[in-house]
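Only one structure is covered here, and it is reproduced in the block below.
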Amino acid sequence: MNKKVSEEQLQEWLKQTEPLTSLGRVPDYIPALAKQDPENIAVGIFHLDGDCVGAGNLETTFTLQSISKVLALALALMDQGEDYVFSRVGMEPTGDPFNSIAKLEEEDPSKPLNPMINAGALAITNMIHGITPDEKVGRLLSLVHEMTNDNTIRYDEEVASSEFETSYLNRSLSFFMKQHHVIDGSVEELLDAYTKQCAICVNIKQLARIGAVFANLGKDLETGRQIIPKHLARICKTFMVTCGMYDASGSFAIRVGIPAKSGVSGAIVGALNGFGGIAVFGPALDEKGNSVVGMQLLETLSSRMDLSIF
Ligand code: DON
């Protein structure tokens with residue numbers, strides 16, 4: 001797929017979506033995220049040949065939040081294998097909000113429906129190899145370093161501790177799953193690892209490069225080295241299609257048609273085989289927790305460049 005867009009065109013599309021910032025809300029359930037400036041927006045595309053274009057605030061950094069769930073899934077699959085992972089977490093979309101507890105009680109055995117909702121993601125983080133939370137997060141950071149070719153990336157301590165202090169719902173999900181033997185070990189340590197994982201901090205081009213590695217079937221863009229086995233990268237992208245935008249995944253598939261994952265920081269990453277990675281950032285969210293600017297920008301990119309996989 002040899003489609004490229006100029007930086008000027010990207011700037012123009014970003015400018016058109018800018019007024020939408022007033023239609024969304026910056027989340028306040030993680031206090032540190034409430035400080036984000038809704039007008040601080042950016043877009044970046046990383047092509048498989050290494051070409052990269054961007055527009056907006058390319059310097060700004062933001063936390064991965066739920067985008068980290070895809071990376072944690074890749075690592076857990078590499079650590080434990082598919083059979084183990086999917087014996088504890090399902091493969092089906094929920095149609096519920098990302099932090100819903102409802103389906104956990106309905107399912108028997110009580111396993112989370114997929115790795116993209118919070119319950120499933122907590123169970124996935126629980127599976128990552130590492131004795132301490134910092135060891136798990138360190139291994140996840142190493143994966144991020146490999147995918148971005150940048151080993152300076154860290155997690156934001158303020159965002160991590162802000163979420164850790166206020167994670168009442170995620171603690172509830174975890175205790176419920178511990179009762180039902182979906183997770184084991186200390187819930188506090190799990191929350192420590194999970195909140196640090198969600199607070200991994202990147203800029204728009206680094207995020208686009210993460211998408212590009214998935215689009216490149218798990219291989220490093222420069223060396224061709226297999227960072228994530230191809231079949232596991234495919235599983236991750238399939239979850240991005242079916243569950244990546246939570247209960248907006250169906251309409252997103254129709255409107256945009258690009259495997260993508262969003263986070264409550266306002267970031268979204270897309271991974272398009274044969275094309276590359278696309279990252280968008282805009283902290284104002286719609287009622288489902290997806291970036292308003294990001295959703296519109298991806299729709300514009302998809303329709304103007306004919307990017308839908310369907
Ligand atoms: O666990 C949480 O609630 C956040 N750390 C991540 C949620 C999230 O990003 C949902 N995305 N749209």
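Glycine is treated like the rest: Cβ placed from N, Cα and C.
Unlike curated entries, TrEMBL annotations are predicted automatically.
Record features (TrEMBL):
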BINDING   S66, N118, E163, N170, Y194, Y246, V264  substrate binding site
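Annotated features, which come from TrEMBL, shown on the structure.
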residue	record	contacts (Cβ under 8 Å, 6+ apart)
S66	substrate binding site	F98, M116, A121, C198, K261, S262, G263, V264
N118	substrate binding site	F98, N99, L169, N170, L173
E163	substrate binding site	I30, A32, T195, C198, A199
Y194	substrate binding site	A121, L122, T125, S167, N170
Y246	substrate binding site	T94, D96, P97, F98, M116, I117, S262, K288, G289, N290
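Look at V264 (substrate binding site): DSSP puts it in coil. DSSP assigns E163 (substrate binding site) to a helix in the three-state reduction. Taking a Cβ cut-off of under 6 Å from any atom of ligand 1, the binding-site residues S66, N118, Y194, V264 reduce to S66, N118, V264. According to DSSP, N118 (substrate binding site) is assigned to a helical segment. Taking all protein chains in view, 24 other C-beta atoms sit within 10 angstroms of the C-beta of V264 (substrate binding site).
A simple way to gauge crowding: the CB of N170 (substrate binding site) has 22 other CB atoms within 10 angstroms, across all the protein chains here.
Of all Cα pairs drawn from S66, N118, E163, N170, Y194, Y246, V264, which the record names as binding substrate, the longest spans 20 Å.
When secondary structure is read from DSSP and collapsed to three states, N170 (substrate binding site) falls in the helix class.
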